[in-house]
Every structure is written in C-alpha cells, then in structure tokens.
Amino acid sequence: MGNSCRGSFKDKLDEGDNNKPEDYSKTSTTNLSSNSDHSPNAADIIAQEFSKDNNSNNNSKDPALVIPLREPIMRRNPDNQAYYVLGHKTPNIRDIYTLSRKLGQGQFGTTYLCTEIASGVDYACKSISKRKLISKEDVEDVRREIQIMHHLAGHGSIVTIKGAYEDSLYVHIVMELCAGGELFDRIIQRGHYSERKAAELTKIIVGVVEACHSLGVMHRDLKPENFLLVNKDDDFSLKAIDFGLSVFFKPGQIFTDVVGSPYYVAPEVLLKRYGPEADVWTAGVILYILLSGVPPFWAETQQGIFDAVLKGYIDFESDPWPVISDSAKDLIRRMLSSKPAERLTAHEVLRHPWICENGVAPDRALDPAVLSRLKQFSAMNKLKKMALKVIAESLSEEEIAGLREMFQAMDTDNSGAITFDELKAGLRKYGSTLKDTEIHDLMDAADVDNSGTIDYSEFIAATIHLNKLEREEHLVAAFQYFDKDGSGFITIDELQQACVEHGMADVFLEDIIKEVDQNNDGKIDYGEFVEMMQKGNAGVGRRTMRNSLNISMRDA
C-alpha cells in the first residue's frame with residue numbers, strides 16, 4: 001500500500017478499492033483535549049477522551065464542535081457554496097492530476113493514487129472533506145499540516161509535498177508516492193528485526209525527529225503506521241508521513257493538549273505538560289517494538305495502557321530480551337526515561353554507541369538544517385540572491401509559515417530585522433555550535449543589501465529550501481522581474497536597476513553577467529538564468545561572493 005491516512009495500531013487500512021467514497025474526510029489520529037485540570041483520576045479522564053471518537057451520535061455534546069468559525073479562515077466564494085480553507089483560491093486539481101484507485105482509508109480520510117497529466121508521474125493525493133472541518137481548530141490543523149510539510153521539504157526521510165489544492169468540497173494534498181507499504185506491515189510479518197537492522201531503522205526514525213526538532217517542529221504522532229517504504233524491496237527506504245498533529249514550537253515552550261496514539265503517548269503528554277522530548281519517548285517505543293514485536297506498555301484497555309505508561313515499568317525479562325544486547329536495552333531505558341529532562345535528545349540518541357556501532361551513525365554534531373541552507377546561500381552570487389528574494393516574496397503563506405515562525409523567534413525586539421546578536425542567540429537556541437566568525441560569515445551572506453541586519457525577505461530567501469526553485473512559475477516570474485522591457489534578456493542596465501531597487505551598492509555587475517552569460521553576448525537569456533538558479537551552489541558565485549565579503553570587511 002502507498003501513502004495512507006492514519007489508522008490505529010491494530011486496525012489496518014483498506015486497500016485495493018477502486019471506488020471513490022462519496023465523502024472524504026480529514027485525516028486525524030485521536031486528538032485529545034480537556035478543559036479540566038489534571039487530577040489523580042487522570043487515566044480515567046484520558047481514556048474517556050480517547051473513546052469520544054467512538055460515539056458518533058454525541059457530537060452535540062462535544063464543546064469543541066460548536067466553536068464559531070473565524071470569518072478570515074472560512075471565506076465564502078462568490079457562489080456562496082464553499083469557503084477557502086487554504087485562505088486563497090487554487091487551481092482545479094483535476095486540470096493537473098488524474099485521481100484513480102484508493103490507496104488507503106483512515107478513520108477520517110482517504111488517499112488516492114494520482115497521476116500528473118503533463119508528466120505521467122504518479123503521486124499520492126490525500127483528500128480531506130471540508131464538511132468534516134467543524135471547528136476553527138480543524139481548519140487550522142489542515143493549514144498547519146500543509147505549512148509544516150513545506151517547512152520540512154527536502155529531508156531524505158520525510159515525504160515531499162507536491163502541492164495543495166482546494167475545491168468546493170475538499171482539500172487535496174498531493175505528495176510523493178511511497179509504494180512499498182508500511183513499516184507496520186514489516187513488523188507484523190517478521191515479528192522483530194535483527195539488532196543491526198533495528199539500529200539502522202532507528203537511525204532513520206530518530207533522524208527524522210532530529211530534523212523536525214532542529215527546524216522547530218514537534219511531530220506528536222510518530223508510530224510505525226506513519227512510516228512508509230518508497231520501495232517494497234528496500235527495508236530502509238523509509239519516509240515519515242502524516243504531520244496532521246504536528247506543531248511549530250519555540251525552545252522552552254510547554255504544550256498542554258493531549259494528542260497522539262495510546263501505545264506511543266509519553267507520560268508527560270498524559271500529564272498535560274510536555275515539549276519535544278515526547279517525540280523521543282515515542283521513538284523509544286517504536287525501537288522496543290522493532291526488537292520484540294510488542295509495545296512496552298501493554299494492557300487490554302486504554303485506561304490500562306495509560307496506567308502502564310505512567311508507571312513506566314519496562315519489561316526486559318520476557319523473550320527475546322535475555323538475548324538482546326545490553327547496549328540496546330541501555331538506549332531504550334534512556335529514551336523511555338519517565339523524566340523528560342533526563343531523557344536523551346534526538347541528537348544524543350544518534351550518538352549512542354548502539355546506533356553508532358560499525359559506523360551506522362556518525363558521532364559528530366549536526367547543525368540544524370537551516371544552517372546548511374544559510375551556508376549554501378553564502379556561495380551564491382548577488383543575482384541569484386535577488387532572484388531568491390523575488391521568489392520568496394511570491395511564495396504562499398503555507399510554504400513559508402515555518403520560516404516565519406523562526407524569524408519571529410529570533411527577532412526578539414520585533415524590529416522586523418535580525419541583528420548579529422539576535423542571530424547568534426537564535427542559532428544557539430536551535431542547537432548551533434557555530435563560532436562567532438562563522439555566524440558573521442552567515443550574516444554577511446544573508447544581508448544582501450549590506451544594511452548590517454537581516455530583514456524578513458532576506459531571511460526567507462536565505463533559508464527557503466532550494467527545491468522551491470524547481471517550480472517553473474517561480475523561475476518565470478523571477479526572470480520577468482529583472483527583464484523590465486520584456487525583451488527576453490537581462491541586460492546590465494536592467495541588473496543595475498534591480499540593484500537599486502534592492503538597495504544594493506558596490507555590486508560588480510560585469511562579474512555577475514560573466515558568471516551567468518554562457519554564450520558571451522553580454523546579457524542573460526532565460527535558459528542561462530534557469531541554469532544559474534538550478535546549478536549546484538558549490539561552484540556558483542564564488543568570485544562575486546569573495547568580492548562582496550571583501551567589500552563588507554572594508555566597510556567595517
């Protein structure tokens with residue numbers, strides 16, 4: 001089975017059904033909330049919350065279902081028959097893709113195989129019924145899921161979003177197709193993995209957690225069903241899917257809403273006071289299952305499961321644990337520590353000897369992904385940076401929401417620009433170990449107009465993932481911005497005008513033209529522009545970047 005909507009640990013998704021259901025629905029795992037404070041009977045309350053979804057005839061008694069919708073979110077269109085969940089009109093998905101057989105059916109959602117008409121490439125399309133989006137929180141959940149998928153785009157073990165579309169009845173999320181089935185299926189088929197294979201799988205899973213956390217995202221619903229195989233013949237071609245319960249977080253932020261799946265939920269989530277450490281707990285539960293075939297906290301009822309989670313006793317006596325290595329058990333204990341402060345971070349898990357043994361995972365610090373993007377950005381020439389700013393300003397809100405969160409977190413004085421001290425403090429919060437000199441280099445690289453600060457558009461341009469550049473409409477729009485007279489060429493005069501508009505002085509225009517101009521006609525055509533934008537960054541703009549850095553040092 002390919003990409004699928006969420007299901008429970010026991011219930012398998014339907015597959016092979018070619019008939020499209022009359023209604024799609026929002027994909028969601030159990031999402032718990034309670035307006036009451038935690039009490040000694042918390043397990044009873046939580047169990048009741050988990051069972052609410054099974055009482056479909058009691059919707060009128062659920063206060064979450066009668067929250068009025070905010071008008072800016074639920075905008076009516078001219079025919080008064082639908083609203084825009086995404087906040088804007090999108091192309092008709094059926095003009096771009098052909099939807100065919102069903103890949104999976106979850107509790108509230110359906111995923112279909114879809115084929116891009118222009119290229120013939122297959123993707124997965126998750127369809128969400130707008131009729132099921134009852135509250136403003138439901139709408140915000142869908143928006144946030146799309147925003148987070150855009151924010152995490154480019155990681156090798158995270159499913160890639162292709163685009164989001166909306167019509168009068170549904171929201172459709174088109175994403176990379178994972179045709180190899182679920183990791184869940186492999187666990188059921190084999191019962192358990194060898195320690196070596198379990199270590200390799202754990203490295204992938206925790207690598208996703210580390211990437212999410214470094215970019216300010218907490219997944220909150222990790223489980224085997226949410227990892228799919230791209231290739232059924234490759235056990236390790238895993239991709240994380242389903243970010244419907246994921247949220248953006250700031251360092252030190254505390255969450256109180258109870259979400260997740262019973263077997264995998266961390267004790268602090270049940271106690272309504274948690275942070276990203278809960279994802280590490282969940283990954284530890286998955287590791288336990290990979291090695292034994294059963295979850296560590298087991299009971300016949302949900303209340304019993306919650307009691308076991310809160311007690312925190314881990315069974316290492318039953319088979320096969322007597323023959324499992326001490327190193328593996330040590331890692332599990334440290335991932336399943338009941339105290340979040342004593343639990344390993346995702347990065348520390350990747351450095352644990354059991355994971356690192358035989359070179360499975362490198363024992364070195366990993367900078368957050370945003371830093372690698374900044375480093376790539378520093379190698380670009382000025383034209384490419386200006387083009388990125390043009391593209392960044394045209395991106396949809398869902399594509400840049402995560403970066404906006406990071407910018408606002410770093411811009412502590414709300415001035416609309418990041419100073420060196422704010423950049424340094426912000427990078428430290430996101431786990432950076434860069435030296436001051438390296439941060440200065442990043443600052444200089446991102447500060448396109450040499451103002452001494454990084455404004456919002458410069459930050460977005462410097463940190464947006466480069467796969468956004470592959471979209472033809474963005475490249476065309478950026479080229480047309482520079483080609484003022486519509487001649488099909490960017491001339492040195494037009495480049496000069498663009499530099500003035502962006503407040504860039506002392507730019508070596510001739511050098512920029514020479515670096516991009518392949519046929520030596522003294523101007524840049526569209527093909528040369530596209531090649532520059534899509535070319536590997538390591539060899540782009542080094543001479544111009546050195547000149548720019550020299551200018552910055554002279555100005556200083």
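For all residues, glycine too, the Cβ spot is worked out from N, Cα and C.
It should be emphasised that the depicted structure is a prediction, and the values quoted were computed from it without experimental measurement.
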If Swiss-Prot is the reference, give me the range from 268-298, 361-391 marked as region 'Autoinhibitory domain'. 361-391
Listed co-binder of Ca(2+) 1 (same site as ASP411, ASP413, SER415, source Swiss-Prot) among GLU399, GLU422: GLU422
Going by C-alpha distance, which of the binding-site residues ASP483, ASP485, SER487, GLU494 is nearest to THR453 (Ca(2+) 2 binding site)? GLU494
Cβ-centroid neighbours of Ca(2+) 3 site ASP483, ASP485, SER487, GLU494, 8 Å, sequence order: PHE482, LYS484, GLY486, GLY488, PHE489, ILE490, THR491
Could you tell me the C-alpha distance between ASP447 (Ca(2+) 2 binding site) and ASP483 (Ca(2+) 3 binding site) in angstrom, no decimals? 24
Can you check which residue among the binding-site residues SER451, THR453, SER487 has the largest number of Cβ atoms within 10 Å of its own? THR453
Using CB atoms and a 10 A radius, I'd like the single residue among the binding-site residues ASP449, GLU458, ASP483, ASP485, GLU494 with the highest neighbour count. GLU458
